[in-house]
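If you check TrEMBL, you get these features:
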- 9-135: domain 'MARVEL' (DOMAIN)
- 16-36: transmembrane segment (TRANSMEM)
- 42-67: transmembrane segment (TRANSMEM)
- 79-101: transmembrane segment (TRANSMEM)
- 107-133: transmembrane segment (TRANSMEM)
Amino acid sequence: MMGILFLEYLLSKQGILKVAQLVILLVAFACVRSTWYTSFYAYGFFEGVTLGYSITVAVFLFLTVFGVPKRAPFVNWTIAEFVLDTLGFIFISTGSIVAAVKSYDTPILVAASVCGLLASYLSVVSVVLSFVAARRSQPEGKLGTERVFSVYFNIFR
């Protein structure tokens with residue numbers, strides 16, 4: 001810990017994946033934005049998805065670097081990251097596939113769709129790591145619902 005910054009997350013596997021996703025998504029957005037394209041709907045969707053998800057990842061990184069997960073323990077940040085990456089995978093892969101179909105003759109648009117597919121691959125790796133971390137943080141033995149009922153109703157003894 002260095003002052004108010006918590007840089008441990010940036011040095012972890014999840015943090016490195018998030019930074020790589022952010023850089024690759026911004027490169028994909030810049031590739032599409034810097035060219036003239038004919039299919040506004042396909043590339044407009046791709047631009048919106050890449051920019052929206054990169055902003056979401058940047059906000060998540062900002063929150064974790066400033067230690068919000070340690071100050072707000074009532075939010076399960078592992079599950080939040082899991083949901084973020086799952087939705088990101090769905091939208092980025094859909095936009096990248098549509099962009100790849102429409103960009104057969106423009107090399108920079110092909111590069112943008114490849115960057116999008118690479119970012120969706122990194123999202124899958126992050127989903128797997130989040131799932132493993134979520135499974136690891138569950139208590140062993142009883143299920144979570146059984147613990148709730150046993151605490152409140154004293155029926156499982």
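Cβ atoms are placed via backbone N, Cα and C, with glycine included.
Those TrEMBL annotations? Automatic predictions, nothing curated.
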Completion exercise
Counting only residues at least 6 beyond its ends, the same-chain positions whose CB falls under 8 A of a CB in the transmembrane segment (16-36) are 10, 43, 46-47, 50-51, 53-54, 57-58, 60-61, 88, 92, 96, 99, 106, 108-109, 111-113, 115-116, 118-119, 122-123, 125-126, 129
Exercise for the section: On the DSSP side of things, how many residues of the domain 'MARVEL' (9-135) fall into helix, strand and coil, could you say? Expected result: 109 helix, 0 strand, 18 coil
Completion exercise
Averaged over the domain 'MARVEL' (9-135), the pLDDT of the predicted model comes to 90
